[in-house]
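Report on one structure; see the data block that follows.
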């Protein structure tokens, strides 16, 4: 009976997790053209990828956008969580409301942000114009496009992470703060010396989660360019996930796309490991 | 599941939801798809057959709205439902369509195919129903030989019926020309630019007077116009020769068109908008540019995007450098259609002389059907939106003499790669002096 009860998860995992994993691994070793032939390629796809400028461009974009999005997002989420952790009126309503951006559809978010960042008639350029800044072509220049996409990502995920941080903060025993207060520790000091170190397990979860999300970024940059996976005229903001879709479903090079998917998997593993080691050190050594 | 969503747990949850939906729809389904769109169900002895017609393109695209309303009113048993999937053919519509065709599921009963996809479509007879079986071989007499033959596979299967053809003109904003102190009347405007060099000179004149509007939309539209004109002088090929070898670096047509695009961009005449994007459509509406290269079907795109407020502001002049044949589409019936007979009837109806003629007068897509071309109503047609421009005179006269341009099997992919460079050079992400080399490299990559 217990096996039956847990089986739905494993069945779904087998269908949507394990099978695609094995399937992509298998086809990453082939030259598999959807509207053509399938030929054994060995590690040829991988070798080709490692010398493919477009692939590396996508890697740089993905990592760049990940940093631009994640660092401010973590800081903001922490500040937000800290603020929400106090006593005030309508606390529950306000706490829930930070989750609102998450429940809006990505497409709706992207449509609004695409308008905000429009070159000719966008709000952002209009406001920047007050300060004498020339209109920026947010889709043509690399770093501006990353910033635009990073704000889109942060708009959606900051609240979500803040709520997780908040949950973590509430598990910290109150008497630690009381003892610190008696010893004369300021609010700020309490935050650095108690909240942050005690929050480490939560932080590891949040950071790993953001790493996976950030490195597989797809919807925001795609909708930012008319649903086109090229990511700008010269791939200014094409992420690895978009590169995979482009190779697999635009150029029908399934084998190549499958190999890229496996390299992305490796990239995520590395990213997760680095971040894990980094977060483990926070507030720990003293 | 290579398109992983953000966040592991959420992805898992959505997979669960998707699975639940799939289960639900399996158990409730059973019959064939029968979305009777608004048809009165009272007389429903026999369920009406719904024929899904899938199209692409900006503005009024194929211009089927009225024709479909008319058919649906007259045929209670067969209802047409148009599914306009996206504005972009190469980047979105066609890749999606290929997946559906290959998977044997998802494609409509009648699907539109742009000229850029016909090379591949022809190479896959297994995708298509043979229209011969539904008596449509008789339609051969309606078409110029090339338009007909492009819809026939190597093994003799008839799969595509021609809808429209290119023809070439230049759409311009008469009101903005007036503002720039240029002539605004169409014959005088045509006389301004017998050659493309003249066109650039006029552009510079325009730009010196008008600051907030650019002379033309971007590099890509006129690049295409120029490319098709040059193709006619170079054996009617563009990126591939007739044996499907990539000739981007060898065909002078490509280099010349590229050089022209570069010149236009460096002269600062472009609004740097990529055609068939949302921003480009908004730009049409807001008057970001004063001219746009107009094959016949582009008229409907411009009027559809600009909206009724712009009526009478636009006009049509002749294009520098003579005619050309950019664009034009076909309708095909995928083999996977459950109602191939009805679908063939619909494809036949949507491409017959009467329908094509009425689309021309309303939207501007030049009929490929020769009977429609000869229709006096077509020859004398005027387009209300474009200040009553005599589009019949402009397009129908040259229609018979249009030459087919051969496009390779991988044309759609290569076109997208090349247009990205032509656009990138305009938006500043590719340096002008490096652009040609990159264009060639990217084309090789996309073709490989």
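Heads up, the Cβ atoms here are built off N, Cα and C, so glycines get one too.
Unlike curated entries, TrEMBL annotations are predicted automatically.
When TrEMBL is compared with the stretches A:9-29, A:30-50, the one noted as transmembrane segment is A:9-29. Transmembrane segment is the annotation TrEMBL gives to one range among A:198-218, A:219-239, and that range is A:198-218. Using the rule of three or more Cβ pairs under 8 Å, pairs at least 6 apart in sequence, the transmembrane segment (A:198-218) is in contact with the transmembrane segment (A:256-279).
For the transmembrane segment (A:9-29), the list of distant contacts is 40-43, 45-46, 254-255, 258-259, 261-262: same-chain residues at least six beyond its ends, Cβ to Cβ under 8 Å.
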